[in-house]
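Contents: one structure, followed by commentary.
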Amino acid sequence: MLAKESVEKSFTHNTSSDISNRHLLILYGSQTGCAQDIAERIYRQARRRHFKARVYPMDDYERANLINERLVIFICSTTGQGDEPSNMRKFWKYLLRKNLPNDILNQMKFAVFGLGDSSYVRYNWPAKKLLKRLLQLGAQNILPRGDGDDQHYLGIDGALDPWLKNLWEIIMEQYPLTPNLEVLSDDILLPARFRVEFIDQKFDENKKKTNDDEVYARLVKNERVTAHDHFQDVRHIELDIDGAELKYAPGDVAVIRPKNLSEEVNEFIKMMNLSDIADDAFILIPNDEDHKIPPHWNFPLTLRKLFEDYLDIFSTPRRSFFEFLKFFVTNEDHIEKLKEFCSAEGQDDLYAYNQRVRRTIDEVLQDFSSANIPLEYIFDMFPEIQPRQFSISSSLKAHPGQIHLTVAIVKYKTKLQKPREGVCTKWLSGLVPDECFIPISISRGTMGLPASTSTPIILIGPGTGVSVMRAFLEERIYEGATENYLFFGCRNQDRDYYYKDQWKQYIDAGQLRVFAAFSRDQDKKVYVQDIIKENAQLVWDIMHEREGYVYISGRSDKMPTDVMNAFKYIFMSEGGMNEVDAEKYIKTLEMKRRYQQEVW
């Protein structure tokens, strides 16, 4: 492939003096892989400009070396209601250390790009806080913060493209190329990160690496808890962790590493014309010192196991996928269409073809059937399967040696004929109890119960948001608490009222009061915020007179804002506050951890 040879020669002919001062560090915090994809895109753009670039998740970077960095690009996403992504939290905690001098980073020039959704109150909160803290530590910002917005009609790219254009103009002005170098065209294919070397060895399933904190839990129950004529399939899942050194507290999160279905992977392998080598073992070898083999790939693999366990071939591809794919198609129409998709003018068409209908990588490759992707580029093009997080819906005290989950199976329609399905929940829904083991680890949650069981708590969990509330209730009731108030919302009392039999037992025992909103059981829709307002005097008494706690969990659409407005209404109507004072009161509750929420 001529393009590949030319770029390799270009890099080979660079002398150390040409690029000795051209070092760039790219750090990202990513929850779903989007920020990682952007970071790797910036890495490729940096290489085209002859920078010696490195890319790390923030928590994987050796933080003590930050004082030696001269040029750093930070990419960070947002999770929940303005929280840092999980692979940024240790890094952020380090930056917040009070003993750090206010000039410790004065040698650093930096830029920050955030990923978020402007419909949320704390839009791009991590990026905003990171920028502020870096300035406090003496670093020099070279470009206004970029704010990627899911609400933009082009998604994140709507803000990212102009931000990157400005970024490189500023960087190249400060780090100009020597006369013997030029920026490499986008029509030149960069070398792959790794090369594939087949070995005369059988794949050993027992050598497959797991994370240090991950265990395999036996599936003991996988039961549908919605009526069979209900539009959504929701499962109550029970896992046996007896004997495993896996502890959790109410509010913690189960992290599950899903797989692709073997029969679908087999069809994908056939389509890719890889059947003859799909079960041959190989190892990965880095093509340069900047890339390390990830621990979970640093052992003999097969293509079949790679597609089943690690690569998200049924996800919606990001723009970088199309930027690579254009090099590997041979049909002239395919070449022209992909060039259009990769151009600034073609972003509307790419969005309509890809993101709007949630087309998958598998489906794109069926459309662009002339593609012949070299094996070594699979690792650059296909994203990794990301672990999924589910609120644990059980108390370890009430269910020793078990983890319970409440999982909504993701399945929906777009303009495409075939329904869209979530990779993880599709896999989970087909697992058979007592025959399957699920890789699972625990992530500490953001919500925690009050120290005293006599403190009253209000639990607001519409839909599957009730899962973590069940964990809280089981823990509290096990410890003898009776001041528990649950506000639950669903569509129909007889179709999706989760755990109603368990709630009845608690109600009969005087351990719980339940206030339920069934939005479709009457002409006028009723939601949890409505029944909160209906019980304004009780809520005011719990929160103000008795210093209770409130917990909110569920979808991060309008619900958290609507619920907060309901509390604001109560504080104004029952407490005699004006709107400003009511908002301050809620912020005080948040600071005291008496108003906690976990949404997704």
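For all residues, glycine too, the Cβ spot is worked out from N, Cα and C.
Database features, via TrEMBL:
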| type | residues | note |
| --- | --- | --- |
| DOMAIN | 24-168 | domain 'Flavodoxin-like' |
| BINDING | 77-80, 115-124, Asp150 | FMN binding site |
| DOMAIN | 212-450 | domain 'FAD-binding FR-type' |
| BINDING | Arg358, Arg388, Gln389, Phe390, Ser391, Gly422, Val423, Cys424, Thr425, Trp600 | FAD binding site |
| BINDING | Thr464, Ser519, Arg520, Lys525, Val526, Tyr527, Val528, Gln529, Asp562 | NADP(+) binding site |
PLDDT averaged over every residue in the domain 'FAD-binding FR-type' (212-450): 94
Neighbourhood of Val423 (FAD binding site), C-beta criterion under 8 angstroms, separation at least six: Pro258, Asn260, Asp312, Phe314, Ser315, Ile385
Maximum Cα-Cα separation in Å among residues Arg358, Arg388, Gln389, Phe390, Ser391, Gly422, Val423, Cys424, Thr425, Trp600, which the record lists as binding FAD: 26
Pairwise CA distance, Val121 (FMN binding site) versus Val526 (NADP(+) binding site), rounded so that it is a whole Å: 24
Distance [Cα-Cα, Å, rounded] between Thr425 (FAD binding site) and Val526 (NADP(+) binding site): 29
Tertiary neighbours of Gln389 (FAD binding site) (same chain, Cβ under 8 Å, six or more apart): Val253, Ala254, Val255, Ile256, Ser443, Trp600
Those residues of the chain, 6+ apart, with a Cβ under 8 Å from that of Val528 (NADP(+) binding site): Ile460, Pro462, Phe487, Phe488, Gly489, Ala517, Met559, Val563
Inter-residue Cα distance where the pair is Ser119 (FMN binding site) and Arg520 (NADP(+) binding site), in Å: 26
Nearest-integer angstrom distance between the alpha carbons (Cα) of Ser119 (FMN binding site) and Asp562 (NADP(+) binding site): 13
